[in-house]
Structure formats: C-alpha cells, structure tokens
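The structure under discussion appears below in the form of structure tokens.
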Amino acid sequence: MKRVLFVCLGNICRSPTAEGVFWHAVEEAGLNRHIIVDSCGVGNWHVGKAPDTRAQVAASRRGIDIGHLRARQLSAGDFLEFDYVLGMDRDNLKAMQALQPSNSRAHVGLFLEFADLPEAEVPDPYYGGDEGFEHVLDLIEAASVGLIAHLRNDGLRNDRL
Ligand code: 4NP
C-alpha cells in the first residue's frame, strides 16, 4: 500500500484537482486497492470548503468529479501517515519542509518531478482566468501518468503487482 498526499496553498484549486485526477488514473490502472490519495493545504483559510467552482467545472469537463472533497490543512502527522507528500509549487514545498518531523521518512517533493515536462511547478490559478485551470489540469494529468508509472516500478513492487 502506498499513500499519496497532494499539497497546495488553499486546498481548493490545485491539490483537490490533483487528488481527483490522480485517483481517476489509479482506478483506470486497477490500482485502487494499493494506493490511498488525499489532499490538503498549507494554509487554513478555506478549511471545510468544497473546491473552487472553476476547478470543479474544469475537472468535470474531463469527466472527473471533485465536488465531494473538502479542504483541510496540512499537519505534522501527515508526514508520518503518507509515503509521498507532493507540493504544487516551491512555496508549498518550503512550508512543507518546515513542518516535516525529523522521524518522517516520507518522500517530500514537487508533483511535477513525476512529469516529463519543462515546468517544475503547477502555477496558482486562483486570481487568473479559466485558461489557468485548464493548464493546471494538463500539468496534473501528465504528472499523474508519471507517478502511476513510478509507483508501479518502485513503490508497489512489494505488493506483487
Ligand atoms: P490553491 O489555490 O492553492 O491551488 O487551492 C488558492 C486558493 C486560495 C488562495 C490562494 C490559492 N487564497 O489566497 O485564498
């Protein structure tokens, strides 16, 4: 079993999108009994809220429903519960690293490490237009394919897949 946690700033745009898109890819790969997925935010402003309507609409256009997700804040305990804690941008990553306990063995990094793309970060779409949400989805879809391949090759070898 591998546990993956996606992290952004507010947990209402990028990381719930990553949770929904990656979970869809996990199900399509038939790995839903081997991978657990969650998302959260570095900040606490939107705790308890559903994803931004623009993120919900953009995801639903690609057949993915994220309307049931609710925002929560990242905690130190997450670094003990999850194997992969993946941020959307470098600011997220800095905040994550500051919270990671010394006894955590989680892989803490950027989600786009797993995509074969020139971009390193998923840009914050909150203050922009709809095209920003489409770009977020393109980046997240590419990284999801890469992360599934990575987990198949390395992380899930002991699960005898
Ligand atoms: P997210 O987007 O980090 O992708 O969920 C944001 C959502 C809210 C805010 C910033 C980014 N905000 O400043 O409230």
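Glycine too: its Cβ is placed from the backbone N, Cα and C atoms.
Quick look at what TrEMBL annotates:
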type     : residues : note
ACT_SITE : Cys8     : active site, nucleophile
ACT_SITE : Arg14    : active site
ACT_SITE : Asp124   : active site, proton donor
DOMAIN   : 2-150    : domain 'Phosphotyrosine protein phosphatase I'
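Counting residues per DSSP class in helix, strand and coil order gives 63 helix, 23 strand, 63 coil for the domain 'Phosphotyrosine protein phosphatase I' (2-150). For the domain 'Phosphotyrosine protein phosphatase I' (2-150), the mean pLDDT of the prediction comes to 98.
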